[in-house]
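So that you can see what the record holds, here are the features copied from Swiss-Prot:
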- Glu211: active site, proton donor (ACT_SITE)
- Glu328: active site, nucleophile (ACT_SITE)
- Trp95, Asn210, Tyr288, Trp370: substrate binding site (BINDING)
- 1-25: signal peptide (SIGNAL)
Amino acid sequence: MAYFQRLISCIFVLFLLSLAFACEARVLLDENNANDQGFVRVNGAHFELNGSPFLFNGFNSYWLMHVAAEPSERYKVSEVLREASSAGLSVCRTWAFSDGGDRALQISPGVYDERVFQGLDFVISEAKKYGIRLILSFVNNYNDFGGKAQYVQWARNAGAQINGDDDFYTNYITKNYYKNHIKKVVTRFNTITGMTYKDDSTIMAWELMNEPRNQADYSGNTLNAWVQEMASFVKSLDNKHLLEIGMEGFYGDSVPERKSINPGYQVGTDFISNHLIKEIDFATIHAYTDQWLSGQSDDAQMIFMQKWMTSHWQDAKNILKKPLVLAEFGKSSRDPGYNQNIRDTFMSTIYRNIYSLAKDGGTMGGSLIWQLVAQGMENYEDGYCIELGKNPSTAGIITSQSHAMTALAHLVKI
């Protein structure tokens with residue numbers, strides 16, 4: 001009799017354990033489904049989140065990983081993300097690269113500093129904590145943090161015959177180094193969140209390069225081939241996240257009449273043909289009228305700015321049929337005659353334009369101001385830095401735009 005009682009007890013315990021495992025599996029499945037539902041998507045020419053239109057106000061803070069690589073400085077990352085979240089900012093663009101040099105993520109081709117990678121892990125986990133989506137860029141066009149010049153130097157060190165930095169786009173060694181970096185980042189297992197980057201909906205999008213330019217071929221054809229190859233490669237690794245190029249918006253040869261809208265020159269890109277590549281999910285533009293039109297008045301610069309935004313919005317809506325983001329803009333404190341009121345007026349005008357364009361179908365998805373910093377980061381000052389806690393009037397303008405875009409997402413007619 002005792003034997004049968006023990007047998008029944010064992011069976012009952014096994015039954016309870018099986019129920020527990022089933023429940024745990026169900027919870028994990030539900031969590032994975034919830035994460036999948038949290039990915040920002042593209043539906044035609046607008047962004048969606050959980051099946052509803054997604055419009056945003058956001059910011060750039062390129063330095064997040066670099067600072068977070070030193071654990072004693074991570075409070076600066078937390079401070080900026082916390083203040084940004086309080087201001088309603090919901091998207092942040094930052095670097096997922098640092099090639100060679102100080103606090104390098106990639107010390108040499110394929111060799112990574114785990115300490116710096118854990119800094120990026122922290123950035124992603126903090127962004128998740130504060131409800132901020134990330135756009136992560138893979139490489140720089142410029143020499144800051146290594147960029148394409150560092151890849152070219154590495155290839156030369158390996159014996160490649162390279163003429164200049166723009167061979168980055170065509171040399172098979174530099175392309176393979178770059179692909180290896182993409183794979184390393186996309187498949188990275190986050191030591192804090194316990195998720196692989198490619199499975200984390202905190203990341204809104206990948207960016208191929210910060211402001212790609214190619215002085216060796218102004219037509220945009222060389223860059224077009226590179227974008228096609230690299231976009232296909234990214235999507236082969238990760239088909240959950242959105243992908244964008246990182247372009248400033250300069251027009252090329254595909255629509256010659258549009259070249260008159262450029263600020264007097266070309267940079268080897270073609271806004272239309274480059275963004276027509278099907279693996280590219282949305283288009284971007286940048287705008288620095290105080291640099292591009294430095295000799296002109298504030299009024300003239302604003303006229304250019306409005307035309308720049310409107311023409312790209314029209315092309316995104318009618319030709320590309322993809323969303324558009326103003327991914328960098330700002331007003332430098334180093335401009336002659338600068339004061340904070342000038343910057344606040346500039347930002348208010350840009351934000352009104354963004355809102356007005358977004359209201360018409362949601363193609364204009366949002367904007368990212370350059371750039372937010374934390375207290376005590378004077379050594380990062382580039383003229384465009386904004387410390388929200390020290391600039392209440394600017395913070396108020398940013399917060400108002402955040403709330404306006406969030407409210408508009410519930411009203412916009414797609």
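Cβ coordinates come from backbone N, Cα and C, glycine included.
Everything Swiss-Prot records as a feature, shown here on the structure.
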| residue | record | Cβ neighbours (10 Å) |
| --- | --- | --- |
| Trp95 | substrate binding site | 24 |
| Asn210 | substrate binding site | 25 |
| Glu211 | active site, proton donor | 19 |
| Tyr288 | substrate binding site | 19 |
| Glu328 | active site, nucleophile | 23 |
| Trp370 | substrate binding site | 23 |
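A Cα-Cα distance of 12 Å separates Trp95 (substrate binding site) from the residue listed as 'active site, proton donor'. Spanning the listed substrate site, residues Trp95, Asn210, Tyr288, Trp370 have a farthest Cα to Cα distance of 20 Å. The recorded positions shown are Asn210, Glu211, Tyr288, Trp370; of these, the one with its CA atom nearest the CA of Glu328 (active site, nucleophile) is Trp370. Glu211 (active site, proton donor) sits 12 Å from Tyr288 (substrate binding site), counting Cα to Cα. In the three-state DSSP scheme, Trp370 (substrate binding site) is classed as strand.
When secondary structure is read from DSSP and collapsed to three states, Trp95 (substrate binding site) falls in the strand class.
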